[in-house]
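Each remark here refers to the structure printed beneath this line.
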Amino acid sequence: MRVVAAMSGGVDSAVAASRALEAGHEVIGVHLALSQSPEAVRAGSRGCCSLEDSADARRVADKLGIPFYVWDFSDRFKADVIDDFVDSYAIGETPNPCLRCNEKIKFEALLDRSIALGFDAVVTGHYARLHDGVMRRGVDANKDQSYVLGVLTDEQLAHCMFPVGDTIKPEIREEAKDHGFGVASKPDSHDICFIPDGQTQAFLGKKIGLRPGLMKDQDGSTVAEHDGVYGFTIGQRKGLGLPREGLDGKPRYVTDIDAATGTVTIGQRDDLRVGGITADRLKRLDPAVHGREFECEVQVRAHGGVVPATARLVDDPERTTPAGRVKKEDESPWRLELDLHEPLQGVARGQAAVVYQPDADGDILLGSGTIRATAPWSDAGAAGTAGERATPAEA
């Protein structure tokens, strides 16, 4: 096959490209120029968009003897990832930009261009396993990236290859060393690529501006003022501008964010326990495939744990989410309702709920949805039905 190897400049994509070549495919290397901000592209910046990363990717391609190109998707990245990130925080959501980038850039923009140019597939260094259309977690549990691929469609997966998913990270580094790749010991990137200094609140403040509001406790009493709800996320404990502990001597956490009123509610850790989740913008979840109700496991963070749940797929006629975002006409007509069998802590609107089917050969990824509402956990059991759930905006 003729394939495009997406080369970030890291060790995983380098080995993925090498394995695709060794498998007999015709390979070209492509580095994506995504962010044009001076902070992101400067030499020495640790992200996936810096000049250093592009140079590292080119050196690997030269070592492999494959053609190398830089494709500029910066305008689309700004519109589909950065602006979406800012808009989501402005309405009190907590988005994951890596999922959005995978959905709109790496496996839409890149894949569409690749297919248009006559290529058959895109190769990446993600730690996930894909065989015959079935995606499983990567063998390396510490590096598994199936969660951030949960937004892909069946059509996109039909043109994807993940050559490193069957291998653990130390072996990938050894393989890169054997090939003489200079990136063999290059550290992994953990920061948001367009916020390489890690100062997310400052970045959002510049984009959104001051939107003062009140911080209240569980009984509605005002305890402080704030500059904007974008500076907070559900479950946050640090950076609240409050004494570390309340009058009861217990730590305080952000338990709710109401962007419409500018109110941030704080409470105790137990107030963060969630027993029910409602999600929309579904990917790969369809009653015709999975049935109206099924048992599963759900994960809500890239490196978070999983809990068992009962899932239901129900009609979703609503065109506006509780946070105020108008749904697009091409979005799934279904919504996902999850009754958790164990509580999850600090689940936020805007996060992805990725659903798996437990399997001895590796959990199978069924699909995902974007969380739009939660219901509290009850010590007597999970939350009530979706019809009984109060969304944060209604609580």
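Here the Cβ of each residue, glycine as well, is placed from N, Cα and C on the backbone.
With Ala6, Met7, Ser8, Gly9, Gly10, Val11, Asp12, Ser13, Gly125 listed by Swiss-Prot as binding ATP, the candidate from Leu32, Leu34, Leu149 annotated for that site turns out to be Leu32. Put simply, Cys101 is the one of the recorded positions Gly10, Asp12, Leu32, Cys101, His126 whose Cα lies nearest to the Cα of Gln351 (site 'Interaction with tRNA'). In this structure, Ala6 (ATP binding site) is part of a beta strand by DSSP.
The maximum pairwise C-alpha distance among Ala6, Met7, Ser8, Gly9, Gly10, Val11, Asp12, Ser13, Leu32, Gly125, the residues recorded as binding ATP, is 16 Å. The local packing around Leu32 (ATP binding site), expressed as other Cβ atoms within 10 Å of its Cβ over all shown chains, amounts to 24. Close to Gly10 (ATP binding site), meaning Cα to Cα within 10 A, are none of the recorded positions out of Cys101, His126, Cys193. Taking the C-alpha positions, the distance from Leu32 (ATP binding site) to His126 (site 'Interaction with tRNA') comes to 15 Å.
Within 10 Å of the C-beta atom of Asp12 (ATP binding site) sit 26 other C-beta atoms, taking all shown protein chains into account.
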